[in-house]
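A short write-up of the structure that comes next.
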Amino acid sequence: MIKLENIIFLIVAAAGIGLFIWQIRKIRKNVLMGRDLDITDNPSERVKKTLLVAFGQQKMFKRMLPAVLHLFVYVGFLVINVEVIEILIDGISGSHRVLGFLGPVYNALMFINEILAALVIVACAIFLWRRNIIKVPRLSRGVEMRAWPKVDANTILIIEIVLMFALFAFNIAGLKLAELEGVAAVGRYPVSSLFVNLFGNNPETLHTIERAGWWFHIIGILAFMNYLPSSKHFHIIMAFPNVYYSKLLPKGKFTTNPAITHEIKAMLDPSYQPPTPKTDAEGNPVIERFGAKDVEDLTWKQLMDSYTCTECGRCTAVCPANVTGKLLSPRKIVMDTRDRLEEKGERPAIFAPNHYKELGVERVHVTEENTLLRGYITPEELWACTTCNACVEACPVGIDQLSTIMDLRRFLVLEESAAPASLNTMFTNIENNGAPWAFSPADRFNWSEELYVPNKN
Amino acid sequence: MEENKRLVKVPTMAEMAANGEEPEILFWVGCAGSFDDRYKRVTRAFVQILEHIGIKYAVLGTEESCTGEPAKRAGNEFLFQMQAITNIEVMNAYNVKKIVTACPHCFNTIKNEYPDLGGNYEVIHHSTYLQQLINEGKVRLQGGGDFKGRRITYHDSCYLGRANDIYEAPRDVLAALDADLVEMKRIRANGLCCGAGGAQMFKEPEPGRKDINVERTEEALATLGQQGDSVIATACPFCMVMMTDGVKNKEQEENVKVFDIAELIAQAEGLSR
């Protein structure tokens, strides 16, 4: 039977989903601001990696305690979503626990749901404690971890806890109502049954609580969904495509710029015919920057990385530069990319970038330049990188922080000749001597002089 | 004793080509292996091993030039490609098929980045090569030699490890020494960089609390303990410099020596004394 309540629900749900789609389109537009990059190779290997790293949480298990707690929340999210589907159907059609016909399966599902919901509350509480009381360094330190990122992380955890409580309120009230009506409850509720008398036994109150719990949970979910695009929590969606499109090649293989290859080949061999350059709509050749100065110089995958980042700081915690007190933090590189991308492109519902200049005296000396390079990320950070790939290895969601650092470095060197003086000396040595040090190439083979080996007997 | 050894004449590709010959492997020496006084000893140790097993090898000699790796990591893609294309022309002219090198940076660049520019070779790092020699019984290390029972810890090179997933080969080589192998806390995929990669070797570090090589050396020293006469084993010229400097910084030169795995094998096999 369709009631006014169902119609209201339908409108609320449609508005929530509509708003979400509107935000997703903005983010898609932002990501597509990036340079083209063809990643259509090895689909089966990519699926396998996605199953292992994204679905299977493989990289999370480098740190056991957070991995287990995160697993509770992750599995809780996946399984409780089945109940959310039911809630949606109930809301639209006016049915009550429509999946109840599944019988024992439904009982098991609700049973697992309740256990998971309780574990989610425990895990989120421990997460809050880690962030705010014991202040785990990777979660609390760093210039990038202030203002919005801090509020954001705590908001998510609190919302998750509140949502779980709403679910319990709904279940407890429903359970008590069934008991009062003398009918068997649909489903099994190990946690709620412990608190079955919590709300007394006034059917009217119980009914109100059940409806309120239901409404709160569903509106909470819709609101949460629309909060995602402004939050690190967006990783629950982006982790999957981002791992799928992550690099399968050896981590040591950096990209090669074919435009430079053509230039050199033409220089070495005047008869060499480079391919005709790409042209824009008016037929003028497109001159691409070498390296990256701003977000549109990065590839769409690098921009997608920035929307996948969950700000966990595992990259920064293993960065040799960062652990020895240098300014570089791979997490900041990724977060800055997202901030700058939204400043330049489209904005989701909440837009709260880290503007380091507004934060008072800082070690990050950004300039007024309205670009990713220098406006957000300073050369000092970029030059501190040892390209050791520890950040890439540590990331649980397939982000390639190093590729962004490298592209920004390339711009500094190729477009601005702004490398540190000692590196310019190294370049000159390679050019003149074929070695990064100032040795004569004629001496290259001197090591072989006066070399003996024992005779074999 | 003096008489029971022979002078080695290291063959070059040019000489081989002049005689109409092709070596089985090209030993890519690299700039550190050619010019750095400390790493020249590693080059020599590796050549002693090659001579000892009697494989047909050659080097490019003065025709070798920097792979361009430091330029590439520093962002100078233009200079990198200039170097790479020139080197590839030289190697392709000699019909090079198989390359072995003692430098993980050269190894990574030639193996992973040269193919895009027309250089397709089978590239082996000397750790993998030494592992093969030991497995094939070409290097026997009877009783482990000088290093039997000595405490050794292996420092992972980023460009061997994370960059190319080579973690076992250098450890297998060390295992053949019958030494007391101990592992640091941050190893393999979680290994801590020595601080020299990404062209850091050629510049001063950015301001910070501590130098990266000191952080890493402290970890190595804590792992090795106080007993003295122990070894930090490396498989990369840059790691060697950084760890050696770190040991000096901690004033532990008397107790801890830094050796490349090729030196350890050459010594244990009695090739370089």
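Glycine is no exception: its Cβ is also placed from the backbone N, Cα and C atoms.
Remote same-chain residues near the domain '4Fe-4S ferredoxin-type' (A:300-330) are listed as 27, 30-37, 39, 62-63, 137-139, 141-145, 149, 153, 232-235, 238-239, 241-242, 245-246, 337-338, 341, 363-364, 378, 380-382, 384-386, 388, 390-405, 407 (criterion: CB distance under 8 Å, separation of at least six residues from the stretch ends). The annotation domain '4Fe-4S ferredoxin-type' is assigned in TrEMBL to A:300-330 (among others).
Mean model confidence of the domain '4Fe-4S ferredoxin-type' (A:373-405) amounts to 98 (pLDDT, 0 to 100 scale). TrEMBL lists A:373-405 (among others) with the feature domain '4Fe-4S ferredoxin-type'.
Within the chain carrying the transmembrane segment (A:6-24), a Cβ under 8 angstroms from the stretch's Cβ atoms is held by residues 88, 91-94, 218-219, 222-223, 225-226, 228-229, 348-349, all 6 or more beyond its ends. What TrEMBL records for A:6-24 (among others) is transmembrane segment.
Here the transmembrane segment (A:67-89) has long-range neighbours at 13, 57, 60-61, 95, 97-99, 109-110, 112-113, 116-117, 119-120, 122-124, 126-127, 160, 167, 214, 217-218, 221, 236, meaning same-chain residues at least 6 beyond its ends whose C-beta is under 8 angstroms from one of its own. For A:67-89 (among others), the entry in TrEMBL reads transmembrane segment.
Look at TrEMBL and you will find A:109-130 (among others) tagged as transmembrane segment. Nonlocal intrachain contacts for the transmembrane segment (A:109-130), taken as residues 6+ away from its ends with a CB within less than 8 angstroms of a stretch CB, comprise 66, 69-70, 72-73, 75-77, 79-80, 82-83, 99, 102, 136, 139, 154, 157-158, 160-161, 164-165, 167-168, 171, 187-192.
According to TrEMBL, the feature transmembrane segment maps to A:151-173 (among others).
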Note = Contact set of the transmembrane segment (A:151-173) with the rest of its chain, CB cutoff 8 A exclusive, min separation 6+ beyond the ends, reads 73, 80, 83, 110, 113-114, 117-118, 120-121, 124-125, 127-128, 131-132, 139, 189, 191-192, 195-196, 198-199, 206-207, 209-210, 212-214, 216-217, 220-221, 224, 227, 230-233, 311
